[in-house]
Amino acid sequence: MQQTLSIIKPDAVEKGVIGKIIDRFESAGLRIAAAKKIKLSKCDASQFYAIHKERSFFNDLVDYMTSGPVVVMVLEGENAVAKNRELMGATDPKKAAPGTIRADFAESIDANAVHGSDSEENAKNEIAFFFAGREIC
């Protein structure tokens, strides 16, 4: 079984659509192996998104991700990385296919409701960032 990391971002948490988003994952055959609601510190967000450190949007991204609570989850299933990315839709909700999470729940390319690992290797690193092995079952 493949695992991937999903983050329900502050805009979606604030809108109260956590359950609706989780339902999308479960309806698509992804199982929640671990989940927790947390408030990221600036340090945590900066470390997690370090790959974007030199990009112009980095500071805005860190500010956004620390603006409210997030829900981090380990999703598990066949082709979990690809399946999650398909469910999320395009990064820009205006370009996301109808029926995807971002098309239905996101407001902008910045406040785009969810994060999902983009590869199996990144999924392993991202999961390890948020979860100890004993937290995943």
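Along the chain as shown, the residues are counted starting at 1.
In case you wondered, yes, glycine gets a Cβ from its N, Cα and C as well.
Taken from Swiss-Prot as is:
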| type | residues | note |
| --- | --- | --- |
| BINDING | K9, F57, R85, T91, R102, N112 | ATP binding site |
| ACT_SITE | H115 | active site, pros-phosphohistidine intermediate |
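Where Swiss-Prot records a feature, it is marked here on the structure.
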residue : record                                          : Cβ neighbours (10 Å)
K9      : ATP binding site                                : 22
F57     : ATP binding site                                : 12
R85     : ATP binding site                                : 18
T91     : ATP binding site                                : 13
R102    : ATP binding site                                : 24
N112    : ATP binding site                                : 23
H115    : active site, pros-phosphohistidine intermediate : 20
Length of the line joining the Cα atoms of F57 (ATP binding site) and H115 (active site, pros-phosphohistidine intermediate), in Å: 16
Give me the Cα-Cα distance between H115 (active site, pros-phosphohistidine intermediate) and K9 (ATP binding site), rounded to a whole Å. 7
Provide the three-state secondary structure of F57 (ATP binding site) computed with DSSP. coil
